[in-house]
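The structure appears right after this line, and notes come after that.
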Amino acid sequence: MGYSLDFGWLYEASGAIARGAAVTVMLIVVTTLAGTFISVLAAAGRRSGYRWLRLAITAYVEVVRNTPFLVQLFFIFFGLPSLGIRLDPILAAILAMTLNMAAYTTEIVGAGLDAVPAGQKEAALSLGLRPRQVFVKIVLPQALKVIFPALTSQIVIMMLESAVVSQIAVRELTYEADMLQARTFRAFETYFVVTMVYLGLSIALRRMLVSVGRRTLSAGVT
Amino acid sequence: MIEFTFWDILRNLLFATRWTILLSIAAFVGGGAVGIVILFLRISKAKWLRRFASGYIALFQGTPLLMQLFLMFFGLPMLGFRIEPWTAAVLALTFFASAYLAEIWRSGVDALPRGQWDAGASLGLHYVQELRLIILPQAFSITRAPIVGFLVQLIKSTALTSIIGFEELLRTSNAINNATFEPFTVYGLVALIFFVLCYPLTQYARMLESRAAAH
């Protein structure tokens, strides 16, 4: 007992916290764009006629979904250099996050593709659209509309999981918190403030995605 | 200089795996117990109790587990408890799991038709009896697939406790890696062990899901 909370350090630390939050936001934006793009390709590939491609994508999805993100991160950052692939911490983090997210969203996008009635595709083909046009212009937008809520949740989850990339010294929000608490000896207060910043970020991210989804896909997300 | 053969590495990792399994079980059981309480609050008739439970769930689902672990690890000593990594890990994962389990069960309760409550009431059951005999058994049974799915997530989440110093699989592998400088083998094996733990559960969840869909 006899411990009193002290938030006096907060004023000077706000710059570091804001910088860290900006890096976290940057990480999740890049991951979302790259991860969604890859997962659209992977989900389409999984429904293609190439058996080996289907098997390879299924293996990738299962391996990523059944191992911890932190282990994937360590494998990419510490393990790959022994194959001659040496990555910057920030690149390793983006690669690990993208591969992780794409595995989950491949399943989500796939479920969306399956939910589009076959008649949509047949109608588009009969109108003379080429198969690629059918996929990009007819099937994909409808699939994205269906899966938008699930995609939103996955993006928020990934943002929260990105806290562990501090372990390979990426200077994001958690890394800045680690540095701050080492300097101020106010571990609890530091992590409390940073936790609240994460909470704010996840609420804001969800709200933003919902409004973007409503505007661009007229997806009924709540 | 101690030489590590492949089998030494594997044996040490498998030995550490029991802590990963034990922590998963403890957090799942503890999370289930606390989760039931949160579920009761979440579906209670009093508005402020429901509010409290939603806030609790939103807090744990809206912040990183790593931060929850840090707050537990650094926060409890302030209240005068001496805290070991094991205690912090079990407590943090228990609260984390309780929020998710309560939310999954709540979705099961919500999915039941209103008539189930009415039928219970018309049989003269009071609120607690209705929950115990009619609502909860059905809610538990229709949410079995997502619960198993969450267990997989929980097992994977135990890897984070290595960061606060709990000697589970990943922390042991970091130590072995520092001694052997074979990160590719070591982290590859760790991934493989996690995969062997999680994949059967994932398949089981999938089976439950397709069986539920067939009904």
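Backbone N, Cα and C define each Cβ position, glycine as well.
The annotation domain 'ABC transmembrane type-1' is assigned in TrEMBL to B:17-205.
Residues of the same chain lying 6 or more positions beyond the ends of the transmembrane segment (B:20-41) and with a Cβ under 8 Å from any Cβ of it are 49-50, 52-53, 56-57, 86, 89-90, 93-102, 105-106, 109, 131, 151, 154-155, 158-159, 161, 166, 168-169, 197. Taken from TrEMBL, the feature transmembrane segment applies to B:20-41 (among others).
According to TrEMBL, the transmembrane segment annotation covers B:53-74 (among others).
Note on the transmembrane segment (B:86-105): residues 23, 26-28, 30-39, 42, 53, 56-57, 59-61, 65, 68-69, 71-73, 76, 136, 139-140, 143, 146-147, 150, 153-154, 157-158, 161, 164, 166 of its chain, located 6 or more positions outside it, place their CB under 8 angstroms from a CB of the stretch. The transmembrane segment annotation in TrEMBL covers B:86-105 (among others).
Residues or ranges marked as transmembrane segment in TrEMBL: B:145-164 (among others).
Feature annotation from TrEMBL assigns transmembrane segment to B:184-202 (among others). Note on the transmembrane segment (B:184-202): residues 6, 9-10, 13-14, 17, 20-21, 148-149, 151-152, 155-156, 159, 169-170, 173, 176-177 of its chain, located 6 or more positions outside it, place their CB under 8 angstroms from a CB of the stretch.
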